[in-house]
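Annotation source TrEMBL lists active site at B:SER20, B:HIS47, B:ASP140. If you look up TrEMBL, you'll see B:11-191 marked as domain 'CheB-type methylesterase'.
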Amino acid sequence: MERDTDIELRLLIEAIYLKYSYDFRDYSGASIKRRVHHALSQFECKTISALQERVLHDPGMFMQLLQLLTIPVSEMFRDPSHFLAIREEIVPLLRTYPSIKIWIAGCSTGEEVYSMAILLREEGLLDRTFIYATDINPRSLEKAKQGIFSLENVRTYTQNYQNAGGRRSFADYYTAAYDYAMFDKTLCQNVTFADHSLATDSVFSETQLISCRNVLIYFNKKLQDRAFGLFHESLCHRGFLVLGSKETLDFSAYGHRFEPLVKQERIYRKL
Amino acid sequence: MNQTKDRSRPPIEAIVVGASAGGVEALLRVFGHLRRGFGVPILVVLHLPDERDSQLASVFGHRLAVPVEEARDKLDIVPGTLYVATPGYHLSVEADRSLSLSLEEPVHHSRPSIDVLFESAADVYGPALLAVVLTGANDDGARGLAKVRALGGITVVQDPEEAQVSTMPEAALALHEPDHILTLQGIGQLLAGLE
């Protein structure tokens, strides 16, 4: 028999879907449960049902809850060896395309976008690259567009950048002011930030490279497969798919439709 | 009161273990009691000083009789296998008895966190779960252990007298009274005798 809180959780997720069209129904249960319980204390709700009542009748409340349901932990050049592998293994092949389209799916607050743009600029490819950076959280997208990051975090990013094979001084890419670093706007000249859900939306463009890192761990197998299906459809013949360092195609129905290029770094190529 | 032998109890279907400072040696001593063919899955969170990849799974694999794997996202839990949490990610159990990883905020400055594993496993296994808190220098695991108990599972704390660092067992004892307070040898024998 289901516990009351499990029933309430399902009803909340269903209400969010029906009212706001955000579909968390196939997210990994353990994580979503923790985040909703965290929200209960944040919003001082005694029960999930009480939270549901407020969310259902107050779109502003839903937007606040969405900030807790999505996980904006990201770093620039997170897992430096991954970016080094992109530079060494993918870039030489990307160079062969006259114009390049890249999709960064689940870009959160933009750290992956700026990392990719910096890498491409250093490789002389940024001017002929078009990047689609998508996320379900409009506030994250807004932050990504602004390109302002805490200077404290930039220290970590600098270390990562160097370990990822960065060719310049990382400080060349931002202006520091007070406790913040404002990143070079020209990095995002060819970036389109857009609202897109891997759970409910479809493919919008053909791409040569898709980066979707530390997003799929929050999906169940069914939703993961939906996302892999979109990526497969979007990628050109022999296009590249890069995942987070603990994410894999191994358990997916799409596993046999990609081949590992650098397995350790979760870099795959469409077959 | 020996709950593990109580006939009215459901059999134990999973074991979760948390350890921090002094944990590698303690875990090896506990799991050294297990023989090949041990039929209950074991999930382990060990705090490590940084988030880099560890060789823990291969170290354990070489020294233990049970099969050892690094816990991977979406992996189905196989009875008898020992899963070691991957550094830098929280480890949870899903309702379909598979594993999931997450980059949510650290809990008690720890990722993976023992509380996160214990609480998610308690939700799934309820009274069929056995949870163990070993040596460590912080209070991760205490809240998780209390939840395991609240949902009917069996709780075990390493005797703080014996623990290399007693903070974690003491924090667990401060929050609730476990079913067993045992030495590493006692814990090893308890686990080995589950079948």
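Using N, Cα and C of the backbone, Cβ positions are placed for all residues, glycine too.
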Number of Cβ atoms other than its own within 10 Å, given for B:SER20 (active site): 26
Alpha-carbon distance [B:SER20 (active site); B:ASP140 (active site)] in Å: 9
Sparsest-packed among the active-site residues, when each Cβ's other Cβ atoms within 10 Å are tallied, from B:HIS47, B:ASP140: B:HIS47
Cα-Cα distance linking B:SER20 (active site) and B:HIS47 (active site), given in Å to the nearest integer: 5
PLDDT averaged over every residue in the domain 'CheB-type methylesterase' (B:11-191): 95
Secondary-structure category, per DSSP, in which B:ASP140 (active site) falls: coil
